[in-house]
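Structure record follows, encoded as structure tokens.
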Amino acid sequence: MITDRVSDYLEKIEKSDVNAFIDVNSEKVLKEAEELEKNDALKNKPLYGKIVAVKSNINVKGYKISCASKTLDNYIGTYDATVVKKLRSQGALIVGMTNMDEFASGSSGETSYFGPTKNPAAMDRIPGGSSSGSAAAVAADLCDMAIGSDTGGSIRNPASHCGIVGFKPSYGVVSRQGLCDLAMSFDQIGPLTKNAEDALVLTNAIKGIDRSDSTSLETPKFEKKDISNYKVGVVKEFMDVTDEKIRNEIEKGIEVFKDMGCKIVDLSYKYIDLALPTYYLINYVEFFSATRKYDGRRYGEFIEEACGEEVLRRILIGKHISEQEFSGKYYKKALQARKSMKKEMLGLFNSADLIVGPTVPKLPHKLGENLSPMEMYAYDVLTVPTNICGICSGVVRCGNISGVPVGLQIQGAPLEDEKVLSAMIEFEKNY
């Protein structure tokens, strides 16, 4: 019975000390489970009875959509985002809203107004961010699967740290309608799951064109493909910036592709040093623009007075860069760099079907450990190129270091999501 499974998860959530959830409405989800059991029309849908957690920056009617900030602490969603409507239409149940870095501004899960999320795979370490609660909820078995958002690695980073699967679809594959955006030209919604097969199913369920999001695209259903004759690229610079212990685990993962019949191709990406400055300059400007609606008049509090340190830092830098005298000096140069980075990245896919490598360059730090902003941003160096270039990218578990999970990142060209998801599934089977 679905209601029994929901009750089991609710009990687990209640007992959990991971702090994965911000808002759970037991009465609401149990009532929805009872209604779902009577709904014969949904019984053959791919997500029938699946219990899904949703990141707190995606609108779900009747739940607190706080973005893990005091700014929106009292804001209750008045509608379902397009992805949530799609989940419900496929027979899924929403169990609650997950914790996250405040306004998705962070890579650790520690900047939330509601307190840090713990990493179920290594309880003394960060789970990664910003989709920290979604990843932790899946890793701690507090739901079947979860939805997160990825602006510069916010699905893939915590998936790697928590030892689960995460997938960032190509830009436009999934509607962003109902997402509280961080940086609209980078943001994409995607799945966090216990295995790669589920990532394929969940991506198919939430993707598709949406009139409410002009960037959204229609794509055929993603199917599993044979990858045995694929050329798999390994970028020297991605490996070079990575901690040796992680690199050793990733090299074992690359051998798995070789054993599957793939040809390994050595590649070079000369723009790796531009990745973080380009990403963050554009991010700051777009985030400053996105936060102007949080003025304390219509709903919530005035963001600059209510937000945490990292969010305020990004707003102030974004405001500074947006001023006319600095726009050309910083922002326009960042846009030019983005164009060059994208051209170079897309060129790599002329030599390879996929690019594989590490997800993060270092292991997650211990909870409460003080890192400078630049040390924190360094977690993103291998994930932001995906968002800058609008390509697709997934993460699967690839070993561990003293019990701390390591994730292998698989990248594909724009709209080659099917290839990446297929490779994730095959890697998992053969690892």
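Note: Cβ is positioned from N, Cα and C throughout, glycine not excepted.
All chains included, 32 other C-beta atoms sit within 10 angstroms of the C-beta of LYS55 (active site, charge relay system). Under the three-state DSSP scheme, LYS55 (active site, charge relay system) falls in the strand class. Annotation comment: Swiss-Prot describes LYS55 (among others) as active site, charge relay system, evidence class sequence analysis.
Summarising the annotation, Swiss-Prot assigns active site, charge relay system to SER130 (among others) and lists sequence analysis as the type of evidence. When secondary structure is read from DSSP and collapsed to three states, SER130 (active site, charge relay system) falls in the coil class. Within 10 Å of the C-beta of SER130 (active site, charge relay system) we count 35 further C-beta atoms, all protein chains included.
According to Swiss-Prot, the feature active site, acyl-ester intermediate maps to SER154. Here SER154 (active site, acyl-ester intermediate) comes close to ASP101, ALA104, SER107, GLY129, SER130, SER131, GLY148: these same-chain residues lie at least six apart in sequence, with C-beta atoms under 8 angstroms from its C-beta.
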